[in-house]
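Worksheet: one structure, shown below.
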Amino acid sequence: MLSNEAEHFLLQLRLELASKGKKDEDIDAIEEELRDHLYEAESRGESVESVTGGSVKEYIKSISNELPFDKGIFSFIFLMLISILALLAIPRLISGDLDLSLNRLIFYAIIIFILAPLELWILKSILVRHGDSKTTYIYGFILFILIIAVMTIGELLLSKFPSKSLASIDEKYSLIIGLILSLIFIVVCIVLKSWFFIAVLVYIIMPELIPKFFTSGNPKNEDYINASLITYTVMNILFGTIAFIYFKRDMKKDKVKR
């Protein structure tokens, strides 16, 4: 079994290589090879630095020519940006509450092009510095709370300082457009095998979709709000259970490998 220092170095290496657009297969191969070298070195009483040189960036430079750039990262980034836009707009289309105002478009642009990349950069920095530790989970939770706070404050400001609507959509057509966009989004994700984005979409739209069909359909009515809250609670329990089972199984696999 490797030391915490060795495991931390491997995690840093994987994150840095992934951020530089290297293929998952190549990253896995490099990590597995380095893991073997580190295990042998530590078995002989040697340090991690004796194998790696101590610097992740320097180690990556020494192997960078062996690893081709993964052009698939561009499609992933594009899909991620489209996903953020879809996840912001589709629930509102389904509820019939989409406000196409200038202020909202600016708000969405800030989320997509500033907030989302900044969140990923901060999360990567936390993982590189602290690895798989309690500190990482604490910072990650704080970051999540801050993002939710920014989104909530943004929505409050939009409602307090409304701007002229650039376009309006009839509630009936809004639902149809929302469902069509959801279907297109799911098909694209299936083609690209991006199951994570499908799960996120389902998680986001179900609290709006179920009340739309089984209540009065008015987002401001009490029956709609209650149905939405119940659906949201059920989705949290369901996805939380799935995530727990997945990570528990993944941790068992890692222990077997080590």
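Glycine too: its Cβ is placed from the backbone N, Cα and C atoms.
In TrEMBL, annotation is done automatically, which means it is predicted and not curated.
Among the features that TrEMBL reports, transmembrane segment is placed at 73-93 (among others). Same-chain neighbours of the transmembrane segment (73-93): 21, 99, 108, 111-112, 116, 169, 174-175, 177-178, 181-182, 185, 188-189, 192, 194, 197, 200-201, 204-205, 207-208, counting only residues six or more beyond its ends whose CB sits under 8 Å from a CB of the stretch.
Residues or ranges marked as transmembrane segment by TrEMBL: 105-124 (among others).
Marked as transmembrane segment by TrEMBL: 136-158 (among others). Within the same chain, residues 99, 101, 103-104, 107, 110-111, 115, 119, 122-123, 126-127, 130 sit at least 6 positions outside the transmembrane segment (136-158) and bring their C-beta atoms closer than 8 Å to a C-beta of that stretch.
Same-chain residues lying 6+ beyond the ends of the transmembrane segment (179-205) with a Cβ under 8 Å from its Cβ atoms: 75-76, 79, 82-83, 86-87, 89-91, 93-94, 235, 239. Sequence annotations record features per position, and here TrEMBL assigns transmembrane segment to 179-205 (among others).
Annotation comment: TrEMBL describes 225-247 (among others) as transmembrane segment.
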